[in-house]
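These come from TrEMBL:
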type: COMPBIAS; residues: 1-12; note: compositional bias 'Basic and acidic residues'
type: REGION; residues: 1-21; note: region 'Disordered'
type: DOMAIN; residues: 219-314; note: domain 'Ig-like'
type: DOMAIN; residues: 402-474; note: domain 'Ig-like'
type: DOMAIN; residues: 504-598; note: domain 'Ig-like'
type: DOMAIN; residues: 607-703; note: domain 'Fibronectin type-III'
type: DOMAIN; residues: 705-800; note: domain 'Fibronectin type-III'
type: DOMAIN; residues: 804-876; note: domain 'Ig-like'
type: DOMAIN; residues: 901-996; note: domain 'Fibronectin type-III'
type: DOMAIN; residues: 1014-1098; note: domain 'Ig-like'
Amino acid sequence: MPEPVPADKPEGGEEYPSDEVGSTELTGLFVERPPDNVVAVAGSDVTFIAKVDSSTLTRKPVMKWLKGKWMDLGSKAGKHMQFKETYDRNTKIYTYEMKIIKVVPGDAGGFRCEVTAKDKCDSCTFEITVEAAQQEEQSDILSAFKRADAGEDDGNLDFSALLKATKKRKKVEEKPEIDVWELLKSAHPSEYEKIAFEYGITDLRGMLKRLKKMTAPEPKHCEAFLKKLDSCYSVDKGKKIVLTCEVVDPNVQVKWLKNGQEIKPSAKYVMETNGNIRTLTINRTTLADDAAYECVVGDDKSFTEVFVKEPPVTITKLMDDYHVVVGERVEFEIEVSEEGAHVMWFFEDVELHKEKDSKFRFKKDGKKHMLIIPEATLDDIGMYHAWTNGGHTKGELEVEEKQLEVLQDIADLTVKATDQAMFKCEVSDDKVTGKWYKDGVEVLPSERHKMTHVGRFHKLLIDDVKPEDAGDYTFVPDGYALSLSAKLNFLEIKIDYVPRQDPPKIHLDTTGNMVSQNTIIVVAGNKLRLDVEITGEPAPTVVWSKGDQVITEAEGRMRVEARKDLSCFVIEGAEREDEGNYTICVTNPAGEDKANLFIKIVDVPDPPENVRCTKVGEDCASMIWDVPKFDGGAPVKGYLMERKKKGSSRWTKLNFDVYESTTYEAKRMIEGILYEMRVFAVNSIGLSPPSLTSKPFMPIAPTSEPTRLTVHDVTDSTCSLKWLAPEKIGAGGLDGYVIEYCKDGDTEWVVANQELCERQGFVVRGLPVGEKINFRVVAVNIAGRSPPALLGQPVTIREIMEHPKIRLPRELRTKYIRKVGDKINLVVPFQGKPRPVATWYKDGQPVDPKMVNVRNSNVDTILFIRAAEREHSGTYELVLQIENMEDRATVIIRIVEKPGPPLKVKVSDVWGFNAALEWEPPKDDGNCEITGYTIQKADMKTKEWFTVYEHNRRTNCTASDLIMGNTYQFRVFSENLCGLSEEAGVSKNTAVIPKTDLEMKRPDYKEKDLSCMPKFTQPLVDRNVVAGYSMAISCAVRAFPKPKIIWMKNKMIIGEDPKFLMQNNQGVLTLKIRKPGPYDGGTYTCRAINDLGQDEVECKLCVKVFTETPKEEE
C-alpha cells in the first residue's frame, strides 16, 4: 500500500470535496486549484488552471475535466473548449489549462477536475455562473435554450442553462408572494416555460411531474417492472451498449422507443428476451444514438438516457520544422487517426481561423490536415501548434531575409560593327526582375535593344552594334543593393593597303574571359565562342587542335566556324572534359603563325563525403564530413547544412550564411527523435549536389546519477550495495551500471564489474579485511556515463554478525495517545550484533534528558516519562546503527486532556417557544479534536440545569419547547476524547419567553399533597436468557419526593461495575446486563427508598449456555 500524501488545505480552512475512485487513495496532489466560484460574462473567454506536483509520483498523472458528476469534457475539445498540458522539468509540476472560448449560458453549472496517478487521486470542484452582457438583454431568449454542444438544427433544449443565464446583477423589486402552483394550474401549457423562468424554477422536468400529479387523478399503481433501466448510460463512440431491465410477467411483450419513436429490430438494434430479463443491444454506436430511450410495458414505462462519447483523435504523423526565406511557401502537415476529425491550428497562443486569418489556408485530405502559408514573411516566425481532443504537435517556423546570389556574372565584350552584342547573367532567384543601364542611363527597349528574362537568366541584346554603343553596362536587380557591370568594346576594322604577299597573323584579344595570358575560364554548361581575327594575303588556312587532335567539325557541340578575316571556335555547353591546351595555326604561302590557348572549365564542386555524427547531447549533435574530391576548379568557400526527421521528406536548412569549417554542432533538436543530415559544398560557381544522407542519429544525454546508494551487507571480503534508478533517464534509456571502489585517501578508482550490471544491486568481492573503502555507482547508456552516486562515508570491511533491526510493538505503529499525568513507558526491542547504538530523536532533534528518560540495553531501549505533559507530544524517531548499517522507527505520541470551555456563548434570537444559541470553539482543544458540545438550560426561578443536547457537533443550536413566561439561561460544555470540559461557557444574556396578552384567571383550589412512599406499579419478571446475549430487566415505581434506587444481586448491592448499566426514566427503572455469563444468574432485587418509606421487588434470572448437539449419523 503506498504511503499517503498529506492533503494541503486551502486558505480559510475549507477542504475541497472529492470522490473516491474505486480503492484509489484520496490525496492532496494539487499545488494550485481553480477558484471555487467564477462569474463569466456571456461571449467572453475564461481560463481555469490546475497544477499538480509529480515529485512523489511513480508515473505521469492523468487529468480529467468533468461537468457535473459524469460528463467527460475531453470529448468536447474543439473551438469552444480547449485543453492544454505543460510540464516543468525543474519543479516537476504539471500545469493543466481548460479554456472556454466565448462562454455561453449552457456552460453554467458545476465542474470538477480529477487527477489520478496509479493508486493516488485528488479532485476539486468549482462553479461557473454566466451573466448575460448588457447589450444582449433583448436578444432572442430561445438562443439560451440551446445546449452548448448543439448544432444549428439540434432541437434539444437546456432549460437549466437558460435559467442560470438570466441571473442579473440588478436588484429585483419586491413583489407580493404568489402561489406558483395555483398559477400553473390555471395557465396554458405553452406558458409553463415562461412561468418557470420568471419564478426561478430550475428543475422544469420535476415541476411538470409534480404539476401532473396535482392536476391529474392519481395513476393506478403498476408494478410491471421488477427492475427498471438505469437513469443513464455512457458509451464510447463505435462501441456496443446493452440496456437491461427486468419485468414481472415473463411472457409480457415490451416496446422500445428512441426519442418517442418505436425501434424496429435490425442488425444495429438487437432486442432479446430471457425469462424476466429484457435487453436492447445497440451495436456500433454513433453520435446519432445519443438520445432518450424507453421500455414500454402496457401503460408503464421505464426511461433512460444514453450518452455517446467521441473517442480521442490522436496525431499519427507529427509536424515538421521549417526554415525558409521570405516569400517561400510553407506547408505544415499532420495526419490524424480518423477522417473528418476536428483540428485546431494555433500560432503561438492565438487560434487561427479561416474567416479571420486570410493569409493562412487550411486544407483537409482524408486523415491529412495542412496549414499553408503561401508567402512567408518575418512576422510569421514562431511556433505553430495543432491540437485535437486527444493529441498535440508543434513545429517551428524560421524565416530568413532573401539573399540573392550571382551564379554567372556579366562578361566584357569586344564586338565589331554591325555584329550583335549579348550581355548575359544568372541569379539564384528566378522571380527577380531588374533593369539595364548604360553609363548610368536606363536602357529602354527598341528595335536594336532587346531585354529578355527566362528563369534565372537575364539578357541584353544589341543588334547592329555601332561605335556609340560602346560603354559600361550595368544590370541592377529590383529590391536588392546589388549591381552587375561589364564593358562593351567597339572594334574598328581599318583596311590598309598591303602588299600582295602578307604573312598570316593571329590577333588575340586578351580581354574578356582571359584571366591571364592565353588562359580562358569557362563555367561548365555555358557556351564559349572565341572569335580570332586573322590577317594575311592571300587568305591563310586556319587549323584548330586540342593537343594532337585536329578539330575539323563545322557542326556539333565543339566546332569551328570560318568567316572573312575571322575564325570562330565554339563550345556549346562546356564540360569538364573540354579543359586543356588548344592551338590555332594559320598558314599561307608567305608564312605561318601559331597561338596556344589554355581553356579552363570551372564547375560547382562535388558533394562532401562521409557525413557522420560524432557526438550527441540532449538537444544537439556534432557533425563532421570530408571535403569534396573535386572543388570544381574554384576554391570551396564553405558549406550549407540541412536536416530532417527520419521518415519525413521535409528538409530544414540549418544555415543561410556559408559555414567554412567541416565540423558543425546542430542544436535545437528534440531528444529521442531520429534525425538525418546532408551537406552542400559552395564555391564561386554555385552549390554542389547534396551529399549522401548521414546515418540516422538520435540526440540523447546521459542519465542523472543513481539515487539512494546504501550499504546492504558487509562481510570480511565483500560489500553488498543497493541503489535506485536515476530520476532522469531520458530517451537514451538505461543500459546498466558500473560499480567502482577505492581505498579511503586514495584517488585511483577500480572497476568492480567487468560487464554492465542491469540490476539495482551488486556484491563487490575480493575486498581487503579491515580497510576503509569508498564506493560509487555510475549509470551508463548510449550517450555515456552519468555523474557518480557516492556513499557519504567509507565502509569498513568486516563482517556484521547481525543487521540492526527494530521490532516495533503493534500498539506503537499507530498514534500513541495518553492523557496528561499518565505514565509513559515505551519498551522497544531490537536485534543486531555487535551491539547497536540506539538514539532517540524528537521532531528531528535529540531528546532532552531533562524531559525524557532513555535506558538502553543489549536487546531493547526504554523511553520513560514519569508524568506526561502536553509538551511531550511529537514525533519520536528511534535510530539503530551499526557502522554504516542502520534501521529507523517512528512513534507518534500525543498527550491529551480535557478541553477548555466554549467562548462567547450568547442567545442570538428568541421566537415563540424557541431560542437560538451561538458560541465559538474553545481556545484550548486539549490537543485533540473537539467531538461535540453539551448544551444545558436552567430556569431562572429554579436554577436547576437540564440537558438540551448532547454530542452536538456544530457551534450553534436551537432550544425548543421552552415554557411561556419563564426566563432561561444556557451553558455549553465542550467535549473531546477525554470527556467534557471542567467548566462551561455560560450565556451572558438570557432568553425571555413572553406571555401572551390573554390572561388566565386561575380558580382557587387547595394544593394537593402528592407525597407518597415508594410503591412499585410494575414488578420485575423472571427471565431465562442465553449466555453471551445482552439483556435488560425493567420495573416501574411511583414515589414523591424522588426516591433513591438500589439494585442488588443475591442481596448484594451492585456497585460501579461496567457490566451493569442502571437507568431511571420518569420512574421506569431498567438494569441492563452486557453479555451475561452463567455466573450472572441469581436473584435480582430493586429497592426504592425515600423519607416516607421503602419498597422492593425481585426476580430470578436464569442464564443458559447454548451447546450445539451433533447430528445423528444415518
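From the backbone N, Cα and C atoms, a Cβ is placed for every residue, glycine too.
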Q) Which one of these stretches, 219-314, 402-474, 607-703, 804-876, has the most C-beta pairs shorter than 8 Å to the domain 'Ig-like' (504-598)? A) 402-474
Q: Test the contact criterion for the domain 'Ig-like' (804-876) and the domain 'Fibronectin type-III' (607-703): 3 or more CB pairs under 8 Å, pairs 6 or more apart in sequence, then answer yes or no.
A: no
Q: Using DSSP, tally how many residues of the domain 'Ig-like' (1014-1098) sit in helix, strand and coil.
A: 3 helix, 54 strand, 28 coil
**Q.** Confidence summary (mean pLDDT) of the domain 'Ig-like' (1014-1098)
**A.** 92
Q. With DSSP helix as H/G/I and strand as E/B, how many residues of the domain 'Fibronectin type-III' (901-996) fall in helix, strand and coil?
A. 0 helix, 52 strand, 44 coil
